[in-house]
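Q: I'd like to ask you about the structure that follows.
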Amino acid sequence: MEPSKMEVKIISSETIKPSSPTPSHLRKYTLSLLDQKYTPIVVPAILFYERPQGVAPLDMDRLRTCLSQTLTAFYPLAGRAESRDVIICNDEGIPFVEAHVDCELSSVVKSLSSLGSDLRSFYPPRDGLLEGGIQFAIQMNVFSCGGFAFAWYCTHNVTDGTSTANFFRYWTALYAQRSEYAVQDLMDFNSVVTAFPPVPPRVPQEEKPVTTELKPEKQEGQEKEEKKKSSFNFSFQSHIVARSFLIKSKAVAELKAKSVSEEVPYPSRFEAVSAFLWKSIVSSSTTEGKTMINMPVNLRPRVDPPLPLDSVGNIFENALVQSEKKAELHEFVARIRGSISKMKDFATEYQGEKREEAKDAHWKRFIKAVIECKGKDAYVISPWYKSSGFTDIDFGFGTPIRVVPMDDVVNHNQRNTIMLMEFVDSDGDGFEAWMFLEEECIKFLESNPEFLAFASPNF
């Protein structure tokens, strides 16, 4: 059956609650400084799995039971966000939808780019994710061949990418009866709060003036322009589209070789590919000036002492990388290396007595950088490393054959975002780059031979 004629039939929709009640002394979870820094947003992803020959079909009842046990260990995720500062761990649970799809998995995976709004049918409802304080929502879609698609939304309230992957790896380890975790262990939500204590909640009026000190020098007749800039309110009329490109292992090796310099004699795979994507994107710009990227960096190993790798929270900070748009590839690499190398210092500042001032100072630097490049040339490169665990979410069917970090709509939160995922090809490790960019920029890349020499369209 063609994907255009497929039907996703909802079999059941329910709320999965923890298998055991959360102890009374853990019923109120106060978010850390790092959690407080970020406004909750809804993050989508869908993972596609083939059913290997000889492997039993998904046992939906066991999935529900293991998810219930997992929520006991990750108890704040079954609660409700009361504010930007507190989660009430009331065991209300998370939405769980079971659905059947009347076509083959392979036909959908081969035709992802033509699904359009049908991709949304694989996802659970978004209702209550922000306004209702729900942390996660899950939908399991079983195809006629026995393969399945596992789709979720999360709100980033108290989980970064590593925490989200750990949540799902815990669940799948229980389901597949692997021994990574003991069933009733409580996961570590305390390390991040101890390392990065929260700051007192602010009233909304106190948050508004953050950018007023960043106004440019006053010039006669430019009050309106100044107001526009200082309010961080840029207007973009262009249509944002999503595309995926593969950068295979051979191309990665060539980019590393091209990135070598005295300043960075041994660039990493990630540095070389990120610099290549950044340089390629800004090459579409017809104006000179500055550009910037934000790169989420895991702070767990950068804290003194380091935090456990399975500690839960938004334990990351964005490395702010700035450059002139006309820089060479090795110069982009050097900027990336330099900014990431400073993240240990940020971790130290956020742990000190002046952590609130440090948080505000970093935010002001970000706003200033965005203003300097007029917002248009500000990007996010978000790495989904294999080490973060997303490609290791294994229900006993093996690792996913495809990961798609979007539903049917490219929203404003994804604008100018590049999600960089590792994959294994016949020659080694490569990258898949999901790019959410202005349509004009995508068209430029799709017709640029210098870009296509290293990247091949995949969606």
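Just so you know, glycine gets a Cβ as well, placed from its N, Cα and C.
Annotations for this protein, taken from Swiss-Prot, read as follows:
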| type | residues | note |
| --- | --- | --- |
| ACT_SITE | His156 | active site, proton acceptor |
| ACT_SITE | Asp394 | active site, proton acceptor |
Q: Using DSSP with the three-state reduction, classify His156 (active site, proton acceptor) as helix, strand or coil.
A: coil
Q: Within 10 angstroms of the C-beta of His156 (active site, proton acceptor), what count of other C-beta atoms is obtained when all protein chains are considered?
A: 19
Q: Three states by DSSP: which one describes Asp394 (active site, proton acceptor)?
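A: DSSP assigns Asp394 (active site, proton acceptor) to coil.
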